[in-house]
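Taken verbatim from TrEMBL:
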type: BINDING; residues: A:Cys640, A:Cys646, A:Cys680, A:Cys684; note: [4Fe-4S] cluster binding site
type: BINDING; residues: A:Cys684; note: siroheme binding site
type: DOMAIN; residues: A:4-278; note: domain 'FAD/NAD(P)-binding'
type: DOMAIN; residues: A:317-384; note: domain 'NADH-rubredoxin oxidoreductase C-terminal'
type: DOMAIN; residues: A:420-468; note: domain 'BFD-like [2Fe-2S]-binding'
type: DOMAIN; residues: A:483-532; note: domain 'BFD-like [2Fe-2S]-binding'
type: DOMAIN; residues: A:558-620; note: domain 'Nitrite/Sulfite reductase ferredoxin-like'
type: DOMAIN; residues: A:631-770; note: domain 'Nitrite/sulphite reductase 4Fe-4S'
Amino acid sequence: MKQKLVIIGNGMAPGRMLEHLFEVAPDAYDVTIFNAEPRVNYDRIMLSPVLSGCKTFDDIVIHGDGWYVEHGVMLYKGHRIAAIDRAAKTVTSEHGETVPYDKLVIATGSNPFIIPVPGHDLPGVLSYRDLDDVEAMLLAAQSREKAVVIGGGLLGLEAAAGLKERGMDVTVLHLMPTLMERQLDPSAGHLLRHELESRGIDIVTEARSARILGDAKVTGVELKDGTVIDASLIVMAVGIRPNIALAQDAGLEVDRGIVCSPTMATSDPDIFAVGECVEVDGRVYGLVAPLYEMARVLAGHLSGNPSQRFIHAETPTRLKVTGIDLYSAGDFAEGDDREEIVLRDAAAGIYKRLILKDNRIIGVVLYGETADGSWFYDLMKKGTDISEMRDTLIFGSAYQGGAPLDPTAAVAALPLDAEICGCNGVCKGTIVEAITSKGLTSLDEVRAHTKASASCGTCTGLVEGLMAATLGDAFNPNAVKPICACTDLSHNDVRRLIRAKELKSIPALMQALEWKSSGGCAKCRPALNYYLVCDWPGEYADDYQSRFINERVHANIQKDGTYSVVPRMWGGQTTADELRAIADCVDKFGIPTVKVTGGQRIDMLGIRKEDLPAVWADLGRAGFVSGHAYAKGLRTVKTCVGTDWCRFGTQDSTGFGVRIEKFMWGSWTPAKVKMAVSGCPRNCSEATCKDVGVICVDSGYEIHFAGAAGLDIKGTEVLGHVKTEDEALEHIVALVQMYREQGHYLERIYKWARRIGYDEVRRQIMDDASARKAYFARFVFSQKFAQVDPWSERVSGKDKHEFKPMATIDTLQAAE
Amino acid sequence: MNAIETKWIAVGSITDIPREGARCVEAGALRIAIFRTVDDDVYAIEDRCPHKGGPLSQGIVHGGCVTCPLHNMVIALESGEAQGADEGRATVFRTRQRDGLIFVSGADIASAEARQPVSTAA
Ligand code: SRM
Ligand SMILES: Cc1cc2nc3c(=O)[nH]c(=O)nc-3n(C[C@H](O)[C@H](O)[C@H](O)COP(=O)(O)OP(=O)(O)OC[C@H]3O[C@@H](n4cnc5c(N)ncnc54)[C@H](O)[C@@H]3O)c2cc1C
Ligand code: SF4
Ligand code: FES
């Protein structure tokens, strides 16, 4: 039997540990994760770009919901573990869920430290640790009022820069005389201060906070010297404390962190710990590189490889504020036995300082130009004697051995074991090897295969340089993602060119757009077929062989090669006659499984392909048409009982749902489209997680779009409010047509809308009546050709060959 | 030697199969998918994906390959070999075309049949 592995906390460290574990021992454990945060594993480092608006949360998710499903991991989101019972070997969550373990991993990370001054618990005082903090800051930033950030370290400054980007007036209060004093020497600290001030951020150093002012919410902060600074938001970023309470309560050995051996074991041999909550050899850590190393070691132990040990290593620091280049590593305190080399170029805003001991680099501070960070760090790590190049050392790798090199050549000059990505500990050789052996050509691919530049992203420039050095002209950093390996064109390019060049068949398109393969592949062909169907209704002859089997035979293929059949039940309504016809059909064809689907209708599973036309014939006689449960097209319109029966119903939600479905069935779309209409805001048909949803209210219809409840979960956006059912239908149809014309194949509405912007959708559908009416008209036109029931067509003989074998060879006979 | 092993067995005409499509031939417990490419080449492969037995005849045919409908493994029609990073090989049968008719090698069918698991009747 599989062992049970339970993990407390779902941060970056255990996430990485599981990646290693599934790679070497995918079937060793049943994994259960409890996470106090109500979400999947994401790149915490990248919260600052989310705060500043450079990225969205979706961009920084490391493992989406699908990943957990794929690896059979049970993830409890929003479940904080309250207690570990070591005797019974169980953990219990605050919601009362108790789960047994064979091996337990504690990965509770750190808690932000809150200075216990009076007023620290007022609303408006935030820490900076997770997405909730960022969302609260973004909400506060909408007021565009004043914010104070307490703490001038890495996190504090990233928060300050982000809030400034978002339009707030920001003051940073820092206890020490210079900023980031733990990573920077005073000179670099001053340059940094100067740069931030020139961006309009106020900085007060040697500032001691005395109390936070306000009654019901924050109004400001008062310093020990009596100064008062007004603020409606205060962010405390003064440090972190390993989160050890749970381990301590369970009687495990703790000191500053949870005390672990270099094999990541705690004082209980069945309990391990990983991440910021850990203390090894008296040290605790706050950057991901060492945590990822712990993750690797722990995965080794859990998969039965006992030889790995965690070894301490210095980690360089970088600040992730756009436009500020800063790098520091090692030790830069002054001392009698130390020498230094300094380069200042005030005009260019460059400052570099190397600290040497016995002709070896022991510390590096770079400001303004950091490209050589990896090179210096490499010399430092290896303890290279630099006396030979001492005179030119500070100018960096490009100046060693004569003429200065261009940046690509500088990366090319790095030794193969030079570390490029500090977060993930990836060295140059690994990247070059992956590029050449796997034929990688894009940054995304290099990230996927090596993890380099996949965490904080500050080494992206180096990785791109390395790709340029390795691939030469074949590397184009701005290249868009092609549809597939058969072309260099993106989905957008192809859609544009189909219209511009009036391409009306797949062979014509492949010829004109210089497809690289003969006949495309299973990725591009269905996409092209859809684009042509959508753009040339009535003219384009559907290429049946370019459709996935389900759309070719109008049923869903099952794992054993049989098919399932889902007839349409308009708006989820059915009748005794319909049910009787289904029952008869099930008996007649010996259909093994009948199931009520999640889409308010009935699925008959396990039908032999040969029987499909006969099944459809029987169903058709009872009035059924295809439910398109297999189509990239309109699937279901779920409804609730609405004014017909419900005491709360405000409009005829059932009737409207049926009307939408009857209007729109048969249409092909980039990916499936699911809708719902709820009769009131109690929302019993779950309209607010659909591609398109309607919430009926007394005053009319609230139209929603861009929800998701499959691989991703996302509530809908509001499109707008309209008064009548006719208007609601026009808006919904226009929205879907806009998506049909712009979506990339297999891109659901929520992804398309995010890509082009929700406001743009609202502008075209809500505000621009002529655009809306034009979309509506184009949809209506294309329906003339699309609303044909594929089942009855096949009952009348279309594609006959699909449903019977070409020949049956009697092998015995043949042998005579 | 069994007679089938020396025969070429006619299974139908090329026009029975759509271009870039496939049809099946049943031979006892064996199911053989006959593919027709865009250039009218014909290939015969056992209708079982080396991954998890998916019916290859139901896949999308492109160039000289078919993509399995269950989990998208790409199989070369000529060799039965899985392409790209995947590994595995589907059983292939030699074919011939004459006067628009398709023939499959009886010897190949016989040896594939011999390798079929025998089901014990209950
Ligand atoms: C039958 C049904 C499960 C059930 O027994 O209830 C079902 C069954 C399948 N779903 Fe589903 N989904 C069913 C409702 C849903 C729902 C709920 C809903 O529609 O309200 C969802 C979440 C909403 C959504 O669509 O996102 C859902 C999200 C998915 C996804 C994830 C899609 C995504 O983009 O996130 C897939 C995979 C995909 O499409 O690539 C999927 C794929 C599938 C496939 C087609 C898997 C496959 O490719 O073979 C399953 C086919 C089984 C069959 O042959 O019938 N099914 N599937 C439901 C049919 C509803 C219907 O009446 O048509
Ligand atoms: C804004 C910001 C910027 C950063 N920038 C950088 C950077 O540039 N470079 C760098 O190297 N590092 C950076 N870091 C630090 C880095 O993100 C952390 O070191 C790393 O995320 C810690 O990983 P972890 O898995 O140990 O803990 P975390 O990622 O903190 O995860 C711990 C998880 O455990 C959960 N948890 C806690 N207690 C319980 C319980 N009892 N039951 C269930 N769940 C529980 C928490 O909710 C949390 O989700 C930054 C951090 C922040 C906040
Ligand atoms: S029916 Fe949907 S949820 Fe169930 S196994 Fe299939 S794809 Fe997954
Ligand atoms: S069965 Fe063919 S790819 Fe899985």
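Any Cβ shown, glycine's included, is placed from N, Cα and C.
Fair warning: this is a prediction, and the values are worked out from it, not measured in the lab.
For the binding-site residues given as A:Cys640, A:Cys646, the lowest number of other CB atoms within 10 Å of the residue's CB is seen at A:Cys646. In sequence order, A:Val641, A:Gly642, A:Phe648, A:Gly649, A:Ser653, A:Ser678, A:Gly679, A:Arg682, A:Asn683, A:Ser685 are the residues of the same chain, not among A:Cys640, A:Cys646, A:Cys680, A:Cys684, whose CB sits within 8 A of the CB centroid for the [4Fe-4S] cluster site. Look at the domain 'Nitrite/sulphite reductase 4Fe-4S' (A:631-770): DSSP puts its residues at 57 helix, 36 strand, 47 coil. Contact between the domain 'FAD/NAD(P)-binding' (A:4-278) and the domain 'BFD-like [2Fe-2S]-binding' (A:483-532) is absent: fewer than three CB pairs lie under 8 Å, with pairs separated by 6 or more positions in sequence. Assigned with DSSP, the residues of the domain 'BFD-like [2Fe-2S]-binding' (A:420-468) fall into helix, strand and coil as follows: 28 helix, 4 strand, 17 coil. Within 10 Å of the C-beta of A:Cys684 ([4Fe-4S] cluster binding site) we count 18 further C-beta atoms, all protein chains included.
For A:Cys680 ([4Fe-4S] cluster binding site), the same-chain residues lying six or more positions away in sequence with a CB closer than 8 A to its CB are A:Cys646, A:Phe648, A:Gly649, A:Thr650, A:Ile695, A:Cys696, A:Val697.
In the domain 'BFD-like [2Fe-2S]-binding' (A:483-532), helix, strand and coil residues by DSSP number 26 helix, 0 strand, 24 coil. For the domain 'NADH-rubredoxin oxidoreductase C-terminal' (A:317-384), the DSSP counts in helix, strand and coil order read 10 helix, 32 strand, 26 coil.
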